[in-house]
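Participant: Mind having a look at this structure? Questions to follow.
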Amino acid sequence: MNQSYGRLVSRAAIAATAMASLLLLIKIFAWWYTGSVSILAALVDSLVDIGASLTNLLVVRYSLQPADDNHSFGHGKAESLAALAQSMFISGSALFLFLTGIQHLISPTPMNDPGVGIIVTIVALVCTILLVSFQRWVVRRTQSQAVRADMLHYQSDVMMNGAILLALALSWYGWHSADALFALGIGIYILYSALRMGYEAVQSLLDRALPDDERQEIIDIVTSWPGVSGAHDLRTRQSGPTRFIQIHLEMEDSLPLVQAHMVADQVEQAILRRFPGSDVIIHQDPCSVVPREGKRFELS
């Protein structure tokens, strides 16, 4: 795992924690001043943001540790655990918002000075957009699952702040139920995002295979290589930033062992050029012993 990856994901986690802390202080004041249930929803979400981002920061640092005697495949799965923990945090906040929205829908209460809430929400919206932009850039560079989960979380915050702006504006014009209705809608959306995030984390923990397009690229690299007659038993998974790739190459029976080994090394390097940092295991099989049943990839 290269130093650039560790530096970027750590900075993304620190930035998220710092931003969530700043927004929490701003929203506490805004809620105290206006009494808006939508701002209360945003405040609770910021509390969850801090917990999730702190968890993310600690777990990311752990996941960056190199492989050791007890964890020979590294610590990358800790990122999936962080994403799963975040989904639980977010689900809890969504339930709280939903219940609070119902309570205020039954007994709507006019808020004080919605203008202050609007200003605070605009500030929160701008700050969150800046954070999401930075996280998206980090995800493109690292493919970190933990940072991607955090980014999805803050993307939902962008939509939430937009909805809060609209709710505050409507409340300013006398429609006090709008505040509670938007809190309900925000809670439903956040719950959906949490469930989706949790599903992706569980799939990673269950060693889901790499995406179809990446597997096809691996097959194309292998089967187009000189000296390779075909391939079978491709197995893939991902742990943190590391892809694990296993495949059997089919070679002519008459090919000397040393030459077969050289071809396998060349194929491995070709895969690593396309997927840097991967853990690649290649086994060579003579064509005469390859079973004709099962998953095979032959030359076209």
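We count from 1, first residue shown onward.
Any Cβ shown, glycine's included, is placed from N, Cα and C.
Straight from Swiss-Prot, here's the annotation block:
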- ASP45, ASP49, HIS153, ASP157: Zn(2+) binding site (BINDING)
- 12-32: transmembrane segment (TRANSMEM)
- 39-59: transmembrane segment (TRANSMEM)
- 82-102: transmembrane segment (TRANSMEM)
- 114-134: transmembrane segment (TRANSMEM)
- 151-171: transmembrane segment (TRANSMEM)
- 172-192: transmembrane segment (TRANSMEM)
Participant: For ASP49 (Zn(2+) binding site), what residues in its own chain, 6 or more apart in sequence, show a Cβ-Cβ distance under 8 Å?
Facilitator: ALA16, ALA20, LEU23, LEU24, HIS153, TYR154, ASP157
Participant: Give the helix, strand or coil assignment DSSP yields for ASP45 (Zn(2+) binding site).
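Facilitator: Its secondary structure by DSSP: helix.
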Participant: Select the most exposed residue of ASP45, ASP157, where exposure means the fewest other Cβ atoms within 10 Å, treating these as the binding-site residues.
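Facilitator: Minimum Cβ neighbour count within 10 Å, taken over the binding-site residues ASP45, ASP157, occurs at ASP157.
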Participant: Residue list, the transmembrane segment (39-59) vs rest of chain: Cβ under 8 Å, 6 or more residues beyond ends.
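Facilitator: Here the qualifying positions are 10, 13-14, 16-17, 20-21, 23-24, 27-28, 30-31, 78-79, 81-82, 85-86, 89-90, 92-93, 96-97, 100-101, 117, 120-121, 124, 146-147, 149-150, 153-154, 157, 160-161, 164, 168, 183, 186-187, 190.
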Participant: Do any residues of this chain, six or more beyond the ends of the transmembrane segment (151-171), have a C-beta under 8 angstroms from a C-beta of it, and if so which?
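Facilitator: Residues 16, 36, 38-39, 41-42, 45, 49, 52, 86, 90, 110-111, 114, 117-118, 121-122, 124-125, 128-129, 131-132, 135-136, 139, 178-179, 181-183, 185-186, 189-190, 193, 196-197.
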Participant: What other residues of the same chain, not counting ASP45, ASP49, HIS153, ASP157, have a CB atom within 8 A of the CB centroid of the Zn(2+) site?
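Facilitator: Those within range, site residues removed, are ALA20, SER46, VAL48, ALA52, ILE90, SER93, THR128, TYR154, SER156, MET160, ILE190.
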Participant: Indicate whether HIS153 (Zn(2+) binding site) is helix, strand or coil by DSSP.
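Facilitator: Note: HIS153 (Zn(2+) binding site) is helical by DSSP.
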